[in-house]
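Quick look at what TrEMBL lists:
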type	residues	note
DOMAIN	8-409	domain 'Enolpyruvate transferase'
BINDING	LYS23, ASN24	phosphoenolpyruvate binding site
BINDING	ARG96, ARG125, PRO126, MET127, ASP128, LEU129, ASP308, VAL330	UDP-N-acetyl-alpha-D-glucosamine binding site
ACT_SITE	CYS120	active site, proton donor
MOD_RES	CYS120	2-(S-cysteinyl)pyruvic acid O-phosphothioketal
Amino acid sequence: MKDCLIIEGGHPLNGRVRVSGAKNAGLVLLVASTLADGETILDNMPRIRDVEVMVQILNELGVNARWNEDGSLSICPPPAGSMKVKTSYELSKKLRASNLLLGALLGREREAVISLPGGCDIGSRPMDLHIKGIQALGAEVDIEHGFIYARSKTPSGARVYLDFPSVGATENIMMMASRTPGQSVIENAAKEPEIVDLANFLNSMGARIRGAGTDLIKVEGVPELKACRYAIIPDRIEAGTYMVGAAISGGDVQVENVIPTHLHPIVAKLQETGAIVEETDQGVRVRAGRQVLPVDIKTLPYPGFPTDMQSQMMALLSLAEGSSVIVENVFENRFQIVDELKRMGASIQVEGHTAVVRGVKTLFGARVKATDLRAGAGLILGALAARGETTIENAIHIFRGYENIEEKLIQLGARVKTK
Ligand code: UD1
């Protein structure tokens, strides 16, 4: 299996790139499809490793999930009462989002046995808020031998306050609540666009969810949901990655198939670095500025600056004319790109949740390693601007979340190959 990306730096990205469907929306919608009876068809689903693993997990549970010739994905769960409720360790360890089956299975089968999930190694990723939510809705929960055992014989709607607006916990509670009798209320809910997409999708299937996109979500449980056809929103993080790609490589890229409001936090920071960003009829056009200006960044839940764009911005700021401060507030171990960027000549110091990035004149090609998905994306961006050739090992992390990345970069004029 190809697991290295080799990039020759110094070739600016120019032209147009079409953004794929959002990974994080696609994963949760795939799981949420199992709450309905009949065949759901999802359009704009990205064909990436994480989605392929989720399809395998669903197939293992007895769901018929398969790709159609037109690129859409069909999901047809088995008759009510006959879906398996236990996820395997082997597949779950490859995908953190496998934990989303907790809410979907409880909503559908009233029972779920979920292998404690794996995923990106970006810090401890506990499940306490997910568990608090499903318990409030009436689930009994035990954790034994690496599995969460949850059962809800007589679930009923309830109020849940999340101590932190966790994306996954909000999604799990929404899915369970959509088929739980009575009204459920999620306070301090996550507001990410992917949450809104999940609510729109569930409502298209007959759910009654209001307030998604605000911190108060209300769900009236319904007895059944009906399959539908639905198109997933574009991936704002993929879009942001190509936007930074234009800025860091001295290029000019038209990023197409985007929802501009989802990109505002990213656009605001890119403009502060001196990049020229304009909304066009087709999407967003980004042109590199004459120089990269230093900016300070704090990652926060939406609409704050996304943690999933932090590594990419760090790559850009490592070439700024001055020092930038990056504070990571969402995940505790999300500076793993730092040591790899340093191998390319960057000057970065980390103290706890804060990184001080002192801009250097040039990055140099080197052999580096993608430690997680977004760190891998950041390394690609560094490599585009670097002098000489960069080999990124463990590129499998990148293929987990970026559809056709090699082809898209080549189409924009980058010199990239896989090995
Ligand atoms: C999702 C995204 C991921 C993104 C993240 C934050 C998917 C598949 N992944 O991950 O790309 O980086 O949102 O935008 O959608 N936490 C707890 N207890 C819990 C749950 C979470 O303490 O029960 C903490 C986590 O440790 C982390 C923070 O909350 O520090 C945010 O996590 P969360 O929003 O849940 O992220 P994910 O849903 O895992």
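Placement of Cβ uses the backbone N, Cα and C atoms for every residue, glycine included.
Recorded features from TrEMBL, shown on the structure.
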{"residue": "LYS23", "record": "phosphoenolpyruvate binding site", "contacts (Cβ under 8 Å, 6+ apart)": "PRO46, ILE48, ASP50, VAL51, ASP235, ILE237, GLU238, GLY401"}
{"residue": "ASN24", "record": "phosphoenolpyruvate binding site", "contacts (Cβ under 8 Å, 6+ apart)": "ALA97, VAL167, GLU192, GLU194, ASP235, ILE237"}
{"residue": "PRO126", "record": "UDP-N-acetyl-alpha-D-glucosamine binding site", "contacts (Cβ under 8 Å, 6+ apart)": "none"}
{"residue": "MET127", "record": "UDP-N-acetyl-alpha-D-glucosamine binding site", "contacts (Cβ under 8 Å, 6+ apart)": "ASN99, LEU116, ILE148"}
{"residue": "ASP128", "record": "UDP-N-acetyl-alpha-D-glucosamine binding site", "contacts (Cβ under 8 Å, 6+ apart)": "none"}
{"residue": "LEU129", "record": "UDP-N-acetyl-alpha-D-glucosamine binding site", "contacts (Cβ under 8 Å, 6+ apart)": "LEU162, ASP163, PHE164, SER166, ALA169"}
{"residue": "ASP308", "record": "UDP-N-acetyl-alpha-D-glucosamine binding site", "contacts (Cβ under 8 Å, 6+ apart)": "ILE237, ARG374"}
{"residue": "VAL330", "record": "UDP-N-acetyl-alpha-D-glucosamine binding site", "contacts (Cβ under 8 Å, 6+ apart)": "THR299, LEU300, PRO301, THR307"}
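With respect to ligand 1, the binding-site residues LYS23, ASN24, ASP128, LEU129 contribute ASN24, ASP128, LEU129 as residues with a C-beta closer than 6 angstroms to one of its atoms, given in sequence order.
For the recorded site, MET127 (UDP-N-acetyl-alpha-D-glucosamine binding site), the DSSP three-state label reads coil.
A helical conformation is recorded for LYS23 (phosphoenolpyruvate binding site) in the three-state DSSP classification. Averaged across the domain 'Enolpyruvate transferase' (8-409), pLDDT for the predicted model comes to 96. DSSP classifies ARG96 (UDP-N-acetyl-alpha-D-glucosamine binding site) as helix under the three-state reduction.
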